Amino acid sequence: MINLGDKQSTIVVAMSGGVDSSAVAAMLHEQGHNVIGITLQLYDHGMAVGKKNACCAGQDIYDAKMVANKLGIPHYVLDYESKFKESVIDNFVDSYLQGETPLPCVQCNKSVKFRDLIKTARELGADKLATGHYVRKINGDNGAELHTGLDPAKDQSYFLFTTTKEQLEYLRFPLGGLTKDETRKLASKFGLEVADKPDSQDICFIPDGNYKSVINKIRPNSSESGKIIHVNGFELGEHSGIINYTIGQRRGLGIAYNEPLYVVKIDPKDNVVYVGPESALNVQEFIIRDVNWLADEIKDNEKLEVAVKIRSTRPPRLAEISKFGDDKMKVKFLCEEKAVAPGQACVIYAGARVLGGGWITREIR
């Protein structure tokens with residue numbers, strides 16, 4: 001059994017209704033902690049009640065309450081729909097309209113799940129907030145550090161780079177040293193019916209996978225057609241709205257040409273989609289904004305060799321970073337990388353430790 005090293009205390013567990021957070025609640029309850037389960041209703045969950053493998057659906061709320069009842073712990077469902085729409089859904093829609101590729105799970109962790117839920121946990125008198133994320137919190141010489149989960153296949157550190165130092169001190173991640181199989185075995189040991197429940201796969205507020213319908217519902221008439229232009233300057237055709245395209249996309253362009261073409265750049269101001277050969281996707285350096293830094297302070301223009309991830313599914317790449325201004329950094333790859341997309345996150349690592357990260361801007365070269 002994993003022990004958090006804490007004395008018996010009051011811990012709020014963010015219970016999504018899945019196996020991970022359910023196992024966390026059971027584990028902490030067995031260790032003698034005063035556990036309070038909280039499940040967030042984040043959107044019109046009626047849309048997804050019948051949808052399998054979607055997070056935060058009505059079934060998930062039911063499952064979380066069922067687990068809490070089995071453990072004999074208090075459980076609350078909090079209506080965060082308005083907070084979620086303002087902080088996550090509206091941001092998601094506006095990001096697409098700006099020609100970006102958004103990352104709503106990071107925005108959700110940053111705002112609703114950590115900022116707002118930590119505030120609620122403190123109001124309930126809780127000493128800590130525990131989640132089912134596969135990351136590790138390690139106490140270093142200068143305070144808490146965020147590290148990758150031991151299981152590379154389940155590591156979620158990329159999605160938690162916006163966690164602040166203050167939040168990290170309050171948070172607990174009991175599953176960071178486990179594999180998914182070990183978590184399921186733990187849930188089975190506790191007799192939890194969700195032990196074999198499938199992982200969520202979809203963006204929770206898009207249960208059918210059709211993000212364009214969500215955008216058009218919130219921002220009607222957002223699919224304005226425009227020009228598709230080759231990076232060499234000549235026009236190739238017409239696009240159906242920039243929300244339908246992302247950097248690196250090859251399929252669905254509707255263009256006949258003598259070589260494969262990829263989306264290289266999206267210009268929301270002029271409503272233009274630029275395409276080119278695969279080589280045009282190569283990137284040497286770019287700028288990130290709204291940097292959240294968790295390590296020792298670095299000076300302006302000081303260069304640091306690190307590893308960076310620009311997509312959750314891509315392996316880390318060696319790069320050199322340098323800070324300028326209050327919240328920006330230049331990231332320069334040691335070897336060129338393909339398809340760096342504005343709106344995605346760039347997360348910075350030193351080995352297993354998350355040093356920080358920021359949002360990729362259009363300043364890409």
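Each residue's number is its place along the chain shown, starting with 1.
Placed from the backbone N, Cα and C atoms, the Cβ positions cover glycine too.
Swiss-Prot annotates ALA14, MET15, SER16, GLY17, GLY18, VAL19, ASP20, SER21, GLY132 as ATP-binding residues; of LEU40, LEU124, LEU146, LEU150, the candidate listed for that same site is LEU40. Between the recorded positions ALA14, LEU40, CYS108, the minimum number of other C-beta atoms within 10 Å of a residue's C-beta occurs at ALA14. In the three-state DSSP classification, ASP20 (ATP binding site) falls within a helix. The Cβ of ASP20 (ATP binding site) lies under 8 Å from the Cβ of GLY132, HIS133, TYR134, LEU175, THR183, each of which sits 6+ residues away along the same chain.
In the three-state DSSP scheme, GLN344 (site 'Interaction with tRNA') is classed as coil. Considering only the residues assigned to ATP binding, ALA14, MET15, SER16, GLY17, GLY18, VAL19, ASP20, SER21, LEU40, GLY132, the longest pairwise Cα distance works out to 16 Å.
SER16 (ATP binding site) and CYS204 (active site, cysteine persulfide intermediate) are 11 Å apart (CA-CA, integer value).
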